[in-house]
Amino acid sequence: MRLCDTDIERHLDEGKIVIEPRPGVERISGVSVDVLLGNEFRVFRDHTAPYIDLSGPNSEMADAIDRVMSDEIHIPDGEAFYLHPGQLALAVTYESVTLPADIVGWLDGRSSLARLGLMVHVTAHRIDPGWSGRIVLEFYNGGKLPLALRPKMKIGALNFEMLSGPAARPYNKRENAKYKSQQGAVASRINQD
């Protein structure tokens with residue numbers, strides 16, 4: 001069952017869902033909570049690796065990812081990160097989100113931004129039960145013009161669903177959880193699969 005706005009507010013009040021800093025009621029509507037863009041970004045360096053073999057040895061994948069990913073870029077409040085057409089970048093939500101073992105979250109992009117070519121998550125939009133941390137955004141500009149992205153702009157919306165029961169293996173209890181408690185724009189850790 002998807003949670004409505006009053007259920008979301010109740011879960012926030014009870015501490016079952018934690019969003020820090022807590023959004024005001026003006027950012028909770030219908031079935032979702034608007035989330036804001038954080039200050040941390042990562043981009044791909046051009047021409048630093050000929051390819052990444054996604055089924056190759058883990059050490060080779062890790063080395064290739066380290067070569068192609070930039071260090072984290074911090075954009076101060078009020079300044080902009082420019083995402084150019086055809087560019088993929090990682091960013092992070094301003095808020096940190098914590099979910100219990102019986103709720104799954106879903107991140108949706110904003111239609112107004114998509115109409116300008118901005119994809120907020122290339123594929124990964126599920127927020128696992130037991131998740132705690134900031135949410136990494138996989139931006140892609142499919143439009144014709146560069147897009148200026150500013151920290152604390154509305155970037156997406158989270159909605160939540162109750163599971164039929166608590167997950168037996170929530171994210172925070174899994175030993176192999178690659179992105180547990182992430183706070184920045186963490187690069188791919190596919191080599192840890």
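The backbone N, Cα and C atoms fix where each Cβ goes, and this holds for glycine too.
Now, the feature entries from Swiss-Prot:
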type: BINDING; residues: ARG110, SER111, SER112, LEU113, ALA114, ARG115, ASP128, VAL136, LEU137, GLU138, TYR171, LYS178, GLN182; note: dCTP binding site
type: ACT_SITE; residues: GLU138; note: active site, proton donor/acceptor
Open item on the list: What does the structure give for the C-alpha distance between ASP128 (dCTP binding site) and GLU138 (active site, proton donor/acceptor)? Integer Å is fine.
Closed with: 17
TODO: Tell me the Cβ neighbour count for GLU138 (active site, proton donor/acceptor), meaning other Cβ atoms within 10 Å of its Cβ, over all protein chains shown.
DONE: 17
Open item on the list: I'd like to know which of the binding-site residues ALA114, LEU137 has the most other Cβ atoms within 10 Å of its Cβ.
Closed with: LEU137
Task: DSSP three-state assignment for LEU137 (dCTP binding site) - done: strand
Task: Rounded to the nearest Å - Cα separation of ARG110 (dCTP binding site) and the residue listed as 'active site, proton donor/acceptor' - done: 14
TODO: Drop a 10 Å sphere on every Cβ of the binding-site residues ARG110, SER112, ASP128, TYR171 and tell me which sphere holds the fewest other Cβ atoms.
DONE: SER112
- [ ] Check ALA114 (dCTP binding site) against DSSP and tell me helix, strand or coil, would you?
- [x] helix
